[in-house]
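Worksheet: the structure to be examined is printed underneath.
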């Protein structure tokens, strides 16, 4: 029977050691709660930290960019600008379309923003053109966020107009109703319509005008209330044949009489069933298709949204005819799942490596099982808290848990090693557990809270980066906290029941060999430590040298924002000369598609040409290139992009800009490249002067590639200069002129055909195939006040000018965005610096403002906050350690280890060719918390030896270093192996995980070597300093 130690022995662990059943059941409860929590955790690529963003689209077919800007965009902007919580407003006004993108503060709920946007639209309604086909439509979507799913709908038996009609009514509307879906767009422009192509010569010969015919059509096709008859016994509803439904009916419409004979619409026009907009087209690979892009609402979970769509797709496809084919061309969740799966594998590998290193050091199966139980218990228990906090299983939280495998085992190792030491001295297991756990309890608390203190500044980081890493920091802190609880409860209880002197003495060939190796290493360390302690100033010089080297490396290392991921999807923009026609642009797009589809890494391609609110001009085409899975291709996305751009460069008359799709989208504008720099001015004239100069200068910089701007002011325009005096004498107003031109060349939507399921338009235009180019203007006729027919040329002259293809605004002022990529051999930090230097050399006038946008702006903010973040982490840790040790000096000794971690991390990043990005910075902050544990374990034992055994400071710290050498080495190796799978990651999303692993492994290796020698030297130097201070101010010490 064991004699129990006094009740004061064991500290907070005593209750749990003495009550093994209660302790076991408590741990089982934590395990079950974590398992249940895991089942309820959603899966995503990253924490949902999107800015609340709303896009407002207004279509005005036939209107020039100038008209769209002044008549639609400006009135809307004035109303939107009054909304509270608005962070940024950008707009793009192109031919026939206005797109306003509103980005709100992170703190504003999206539903509240939606209400404000609707109220602003209502307030602006009276200021908008009365002939708008439809009022402004808003969507809760970020236009820069790539689609979560892309589907292609094709048919070899049905016309595309019929296919789109069915897809819109039977598929798109149902998908739009799915929770999390922000916008479903159908690209391809094949919406059914009745097209009326006027024969200008026939109209002129009959003495008619387009306005006469338009009025006749509008009057002949109506759908309005007619009332009812209410008799004595029954009521009768009135109806009439006031609607015309087909092209045949319109063809027979009488538009005028001449000499008593009717003139039918078919006599003066070609009337046909066609598409509402003939300047739109989409293709899937090489086949014409209706392309359906599904975008999520900001903040919606991608996996849940895509799963809901996938679940309903079979039923939706079943509702379509057999001749209609629906194919999912891209699904972002495929790569997200693969990335999360790879991270989960790395988590399991880290756990296995940590358990392996524990066995190597402890050389005992029962002693290995105890910390091996602590690892999954701490990690699984974290899931329960994650559910409560509304977190998700994503790359960052899984990275936190992977890193935590090395942390959570530290506490258990320290406890086991201390208890084992007492058992080996002859203590009974129960007494050893009580004594060892009580002795080490303060050290565990110090390790835990000082490590959590490092994470506190991450919780207070502002803007989107802070939101992004909040889940990472909290997840890691919770895992560490649970591990501390497990180490002070379950671990000593298991030690008391599973460890014994016999089991610890039991050795095999491996354990004996490893023991001899450790003894030789410890002996060699002791000899080296003796020499180091004899040369304190040289050692101090090394410590100061690491600090200076850390600062130098921090200055010179290339800096980035967020690693560029290979998600298997490439977004592309094809650019042609500004005067290109739709037909020519479609031909060029097909030529580029031929080249792209030949690449062995490409699986599928969707492309789109035309202006519809998502594409700004006819000389632009949008492409989405879907690559084969990473395992099925030889090259990563950057290599594929370089290869595709080189191949497409041989196609004449086009420029191709490509960028890989990323999980983190901060931008709100659809850009040609990864990064943007914006110029804002009070007038378009100022931009036209300075933008070309800056673009030319930036294109010369080696730090930038793919430099281009969205400034397009060389579109061809025909300026109709009306002689107002002549027009007035003839009784022709400017409204008459505009109407005549709009009827002829605007694809004017003049009437609506109503059906039970949908509404279709009647489109009016001149048949420009008969009179192409500017000569078509000669066919325009107007009616004078006397009823005579007047050709446009009688009252106006036409001159050809250059005009903008689109007009962009940023916060209501004219702006232009310069897009650029960064070559592989340069960093984003170097690119930003080169742009700012180029801007200084041009000496812009005061009315031009510049700023970076999107991820580049976030990079600047993150870089500016990094130093303060590290300082805050150090200060937080100093405060916690000062409180725990009740000392101003000992925390400084502990924190003196930090420069060694910085040197190792920065060197590792530079040698591996990695940038110092936000992921790597998080790793360095974690290192601040890890490396100080070596000093804590040394100083705790040294202080105890001085206090309890009366040892001299040098003897105490020397003994502490030797006694704690093995657990220090063990815990460092555990943390290193926990980070090793991240460093060696090669799967999907590896770009995101690797910088964290590289920085931590490098920092741990260097700090492990240096802190074993610098910490005891600095401890003694501060002790000497303290003694001198006491001798110099004895009275103050006595009073204190």
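The backbone N, Cα and C atoms fix where each Cβ goes, and this holds for glycine too.
Swiss-Prot lists 16-36 (among others) with the feature transmembrane segment, giving sequence analysis as the kind of evidence.
With a threshold of 8 Å between CB atoms, the same-chain residues lying at least 6 positions outside the transmembrane segment (342-362) that come near it are 368, 371-372, 375-376, 379, 395, 398-399, 401-402, 405-406, 409, 413, 416, 420, 514, 518, 966, 969-970, 973-974, 977-982, 985, 987-990, 993. The annotation transmembrane segment is assigned in Swiss-Prot to 342-362 (among others) on the grounds of sequence analysis.
Annotated transmembrane segment per Swiss-Prot: 369-389 (among others), in sequence order.
Panel annotation: around the transmembrane segment (396-416), residues 46-47, 340, 343-344, 346-347, 350-351, 354, 358, 361-362, 367, 370-371, 374-375, 378-379, 382, 386, 436-437, 440, 443-444, 447-448, 451, 468-469, 471-473, 475-476, 479-480, 482-484, 486-488, 491-492, 495, 499, 926, 930, 933, 937, 967, 970-971, 974-979, 981-982, 992-993, 996, 1000 of the same chain, lying at least six beyond its termini, place a Cβ under 8 Å from a Cβ of the stretch. Marked as transmembrane segment by Swiss-Prot: 396-416 (among others).
For 440-460 (among others), the entry in Swiss-Prot reads transmembrane segment, with the evidence type sequence analysis.
Using a Cβ-Cβ cut-off under 8 Å and counting only residues 6 or more beyond its ends in the same chain, the transmembrane segment (472-492) has close neighbours at 10, 12-13, 16-17, 23-24, 26-27, 30, 47, 370-371, 373-374, 377-379, 381-382, 385-386, 389, 391, 396-397, 399-401, 403-404, 407-412, 414-416, 419, 433-434, 436-437, 441, 444-445, 447-448, 451-452, 455, 458-459, 922, 926. What Swiss-Prot lists as transmembrane segment is 472-492 (among others), and the listing cites sequence analysis.
The feature transmembrane segment is assigned by Swiss-Prot to 537-557 (among others).
Here the transmembrane segment (869-889) has Cβ contacts under 8 Å with residues 442, 445-446, 449-450, 453-458, 460-461, 895, 898, 921, 924-925, 928-929, 932, 936, 1022, 1025-1026 of the same chain, all six or more residues outside its ends. Residues or ranges marked as transmembrane segment in Swiss-Prot (evidence: sequence analysis): 869-889 (among others).
Swiss-Prot lists 890-910 (among others) with the feature transmembrane segment. Same-chain neighbours of the transmembrane segment (890-910): 450, 543, 546-547, 549-550, 553-554, 557, 874, 877-878, 881-882, 916, 920, 923-924, 927-928, 930-932, 934-936, 939, 943, 995, 998-1007, 1010-1011, 1014-1015, 1018-1019, 1022, counting only residues six or more beyond its ends whose CB sits under 8 Å from a CB of the stretch.
Sequence-remote contacts of a segment are chain residues at least 6 beyond its ends whose Cβ falls under 8 Å from one of its Cβ atoms, and for the transmembrane segment (911-931) they are 403, 407, 450-455, 457-458, 465, 469, 472, 476, 554, 557-563, 827-829, 862, 866, 869-870, 873-874, 877, 897-898, 900-902, 904-905, 972, 975, 979, 992-1000, 1002-1004, 1007, 1011. Annotation source Swiss-Prot lists transmembrane segment at 911-931 (among others).
For 968-988 (among others), the entry in Swiss-Prot reads transmembrane segment.
For 998-1018 (among others), the entry in Swiss-Prot reads transmembrane segment, with the evidence type sequence analysis.
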Outside the transmembrane segment (968-988), six or more residues from its ends: residues with CB under 8 Å to it: 335, 338-339, 342, 345-347, 349-350, 353-354, 356-358, 361-362, 399, 402-407, 409-410, 413-414, 417, 566-568, 630, 923, 930, 933-934, 937-938, 994, 996-998, 1000-1001, 1004-1005, 1008, 1012
